[in-house]
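Notes follow the structure.
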Amino acid sequence: MTGRQREREQRPQPQTGDQGHPRRWLILVALCAALLVIVIDNTVLNVAIPEIGRTFDASTGELQAVLDSYVVVCGGLLVAAGALSDRCGRRRVMVAGLVVFGLTSAGAALAPSVWWLIGMRAAMGVGAALVMPATLAIMVRVFPPHERPKAFAAWTAVGSVALGLGPLLGGALVDLWSWAGIFLVNLPFVAVALAGVVRLVPESRDPAAGAPDLPSTVLVTTGMVALVWAVIAVPERGALATPVLAATALAVVSLAWFGVRQRRASAPMVDFGLYRDRRFAGASSAIALIAVATGSTLFVLSQYLQLVRGHSAVVAGMAALPLAAGSVVGSALGARAPARIGYRACIVTGFAVTAAGFGVLAALGPDSGQPHIAFGLLLCGFGTGFAGPAATSTALGAVPADRAGMGSALNDTHQQLGIAFGVAVLGGLLSTAYRAFLPTGVPHDASTSLAATLSFADERTSAALADAARLAFTQAQSATMTAGLACALAGAAVAMLSLRSGRRAPSR
């Protein structure tokens, strides 16, 4: 650390009070740049999934692991990372996370096998875990309560732009270069985000924060990794297979031990008392459920567009634009709507619209056109965008200021675990249903994914089998989207039953 940096950190920061930090909107720009790095990486990967599957001859389970290794590790470390940022400084931890993310992105681009890629994705999850809690904690600190919905809406809108930009960029890189380009493109984004964070974001910390609990971090991460792996492995190995049962047992023991440690700790990583607040518990549950619903959407549709409809990666990437556009518009309206119709009404309405979008996507057939897909994704994006600012404000507004790092980390954890289980559970449903709808007589190795079946059919010049495989995937996709619809409606029901109506900005 240079003398100038040390002097800047030691200099008293302006108090936020009711007016907020005087540079809060510039700070938000820097935080959104960091968010952009993380979201683009996740969305860019979905478009490359079919190409990665062909390159490494990967099964559906291995492709799920490529996505989930990042999400599960990130989710498992978020709470510890939040505690670390509270103790060591939120800006410092964010900078470290961006550096780790950039280095491991380069390592992923050089992957010689699918398991190397899975390992690098897990390491990227470490970097993302260091970045995410700090962003929301800093936003809560520099923005007064009445401006937070606007700030969260801008934050959500940037994520939505990345949601549209990522697949389009990824498709171009895959078509013009290779899947490795989707990881190398992270490097310039990381450099820009680092410059903005170092230059604009003030340092902040909680003087009373304790050291991160390493044993508890290991327990919760191990438990979640084991549980998600067990769910992913069920379609290929069976629910009663020894490895699946062993992973499930490891998950139960690890997570139970984690819970016991937290209840006995004088300064726990997770304050379970937060969940006694209906606002925090209700909003967090709703956020997790909508993440389950939406987590596998692009994973599934990318394969549908490229392997069933025969589109290029660029065209598949363009299909995500309505999702992003809907989310941007929804976020803009959702930032102002709580003051007019209330926070609960915003969440319930948004999730209901998202459920309608899944209903449209569940009706897709092998020959459905782009307008059908675009309309479904537009509804999904608008609904989640409209509900997002109210849900985030409600959850974080229930957290005391001195627990901002923990609260934002838990908020991110609920989202990441929702996405992880969405990919694992709904991806598992896709895989199981696909096998069930395939004609009898297809060898096991050829039924592990649509790409594997199409390759098998091509070797035997069987156009009939290829057509049957595409139909089977479309039917399995409909089952998956119907499950997403159910999750979105469940999120709306949780918000309706657990949250109170009202238009006041949530605050503790």
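Using N, Cα and C of the backbone, Cβ positions are placed for all residues, glycine too.
Under the heading region 'Disordered', Swiss-Prot lists 1-20.
For 1-11, the entry in Swiss-Prot reads compositional bias 'Basic and acidic residues'.
Residues 66-67, 70, 94, 98, 101, 105, 124, 128, 131-132, 135, 138-139, 142-143, 151, 154-155, 158-159, 161-163, 165-167, 169-170, 173, 182-183, 185-186, 189-190, 192-193, 196-197, 199-202, 298, 320 of the same chain sit 6 or more residues outside the transmembrane segment (25-45) yet have a Cβ under 8 Å from a Cβ within it. For 25-45 (among others), the entry in Swiss-Prot reads transmembrane segment, with the evidence type sequence analysis.
Under the heading transmembrane segment, Swiss-Prot lists 65-85 (among others), citing sequence analysis as support.
What Swiss-Prot lists as transmembrane segment is 98-118 (among others).
Per Swiss-Prot, transmembrane segment is recorded for 123-143 (among others). Sequence-distant contacts of the transmembrane segment (123-143) (same chain, at least 6 residues past either end, Cβ-Cβ under 8 Å): 16, 20-21, 23-24, 27-28, 31, 34-35, 37-38, 41, 69-78, 80-82, 84-86, 90-91, 93-94, 96-105, 107-108, 151-152, 155, 201-202, 204, 392, 396, 399, 401, 404-405, 407-409, 411-412.
Per Swiss-Prot, transmembrane segment is recorded for 154-174 (among others), and the stated evidence type is sequence analysis.
Here Swiss-Prot flags 178-198 (among others) as transmembrane segment, drawing on sequence analysis. Residues 29-31, 33-34, 36-37, 40-41, 44-45, 47-48, 51-52, 55, 91, 94-95, 98-99, 101-102, 105-106, 108-111, 169-170 of the same chain lie 6+ residues outside the transmembrane segment (178-198) yet bring a C-beta within less than 8 angstroms of a C-beta in it.
Summarising the annotation, Swiss-Prot assigns transmembrane segment to 214-234 (among others).
Residues annotated as transmembrane segment in Swiss-Prot: 280-300 (among others). Packing against the transmembrane segment (280-300) from elsewhere in the chain are residues 43, 46-47, 49, 63-64, 67, 71, 167, 274, 320, 323, 347, 351, 354, 358, 361, 377, 380, 384, 387, 391-392, 394-395, 398-399, 407, 410-411, 414-423, 425-427, 430, 477, 480-481, 483-485, 487-488, 490-492, 494-495, 497-499: each is 6 or more residues past its ends and has a CB under 8 Å from a CB in it.
Look at Swiss-Prot and you will find 313-333 (among others) tagged as transmembrane segment, backed by sequence analysis. Packing against the transmembrane segment (313-333) from elsewhere in the chain are residues 43, 47-48, 50-51, 153-154, 156-157, 159-172, 174-175, 297-298, 301-302, 305-306, 350, 353, 370, 373-375, 377-389: each is 6 or more residues past its ends and has a CB under 8 Å from a CB in it.
Annotated transmembrane segment per Swiss-Prot: 345-365 (among others), in sequence order. Remote same-chain partners of the transmembrane segment (345-365), defined as residues 6 or more beyond its termini with a Cβ less than 8 Å from a stretch Cβ, comprise 283, 286, 290, 293-294, 297, 301, 304, 330, 334, 337-338, 372-373, 375-391, 394, 474, 477-478, 481-482, 484-485, 488-489, 491-492, 495-496, 499, 501.
For 417-437 (among others), the entry in Swiss-Prot reads transmembrane segment.
The feature transmembrane segment is assigned by Swiss-Prot to 479-499 (among others).
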Long-range neighbours of the transmembrane segment (479-499), counting only residues six or more past its ends (CB under 8 A): 278-279, 281-283, 285-287, 289-290, 292-294, 296-297, 300, 343-344, 347-348, 351-352, 354-355, 358-359, 361-362, 364, 383, 391, 394, 422, 425-427, 429-430, 433
Folded-back contacts onto the transmembrane segment (98-118), same chain, C-beta under 8 angstroms, at least six residues removed: 34, 37-38, 41, 52, 56, 58, 62, 65-66, 69, 124, 126-128, 130-131, 180-181, 183-184, 186-187, 190-191, 193-194, 197
Candidates 154-174, 214-234, 417-437; stretch with most C-beta pairs under 8 Å toward the transmembrane segment (65-85): 214-234
